[in-house]
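Asker: According to TrEMBL:
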BINDING   216, 218, 272  Fe cation binding site
COMPBIAS  355-371  compositional bias 'Basic and acidic residues'
DOMAIN    198-343  domain 'Fe2OG dioxygenase'
REGION    281-305  region 'Disordered'
REGION    355-385  region 'Disordered'
């Protein structure tokens, strides 16, 4: 930890909150030299290489999911954080575009739930992409009147929809989980030695340049033996990973576009937060042309058919028209997908009091943090919070 950051944080007195506020600070901006950058790791006292299981996913299966062969992935662990795995961009060139489009165009569609449902009629949030695309495609002046619905989007839930009021999932508030996201989650988990991972719920976070995500623990899932997967696209972010108590000072690291984090075992229930979005580094894999990456319009490489296997691929081509919207959005924004298995084998949801059943979006304004880094939507329910 740099002297400046160390001067802010001492063990105790909510060390996490102090460091969160340090990295969130705008004026003067924080010193970021202490933030671990896994894309540039040569040697770091906290970082060590992690061995994955290349036999868990065949090269053909990985390719159909837009992933490099597992043996080519670069994965790390952190001393003091058993069960934490950081995978530095395992995606094939061009395949990240598919996931960005899914997060912006398809996953926000009904019947999935988003923060806008709290304030708008279902007919108004039926086609967020369609109501935003024309404005985002416009070039030239960025001075526009109201923000588009896409720019107002803060979160979307998939599968078992998280209830922000009760901080629970329920069997009666479920929509079909996206098959492409289920498959890639299964492959990543298997590579990290968690075979049979069943992606049942997802929370997608949409960050503008001034957004942050408050201090929280993801503990609402009924089975904590299964990992939490996190996929990042677009601009970079500073991620803070703490301990089991708020008094534990966190470790800061960058999450760049394409990076994947796996939180399992001891690390599954650690406090974490995102205090800051930062510009993506030069050479960001989302900005080369689609044709150069083999996923542009008219390309036959890796699209609707994997001709070597004769099976459908998950990664679909992104049209120039769609990418004009996506690229404009991610010029200043970041999208993150966190994927969870809610139920263990043989588990079922506890019986609910019928007076407490909720099938709406819940208290939707509380997901991103307040000024002190407190996350209202995912605040820990244990007595130590």
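Every residue gets a Cβ built from N, Cα and C, even glycine.
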Asker: Can you tell which of the binding-site residues (216, 272) has the fewest other C-beta atoms within 10 angstroms of its C-beta?
Answerer: 216
Asker: Just how many other Cβ atoms lie inside 10 Å of the Cβ on residue 218 (Fe cation binding site)?
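Answerer: The answer is 19.
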Asker: Using DSSP, how many residues of the domain 'Fe2OG dioxygenase' (198-343) fall into helix, strand and coil, respectively?
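Answerer: Within the domain 'Fe2OG dioxygenase' (198-343) the tally stands at 20 helix, 51 strand, 75 coil.
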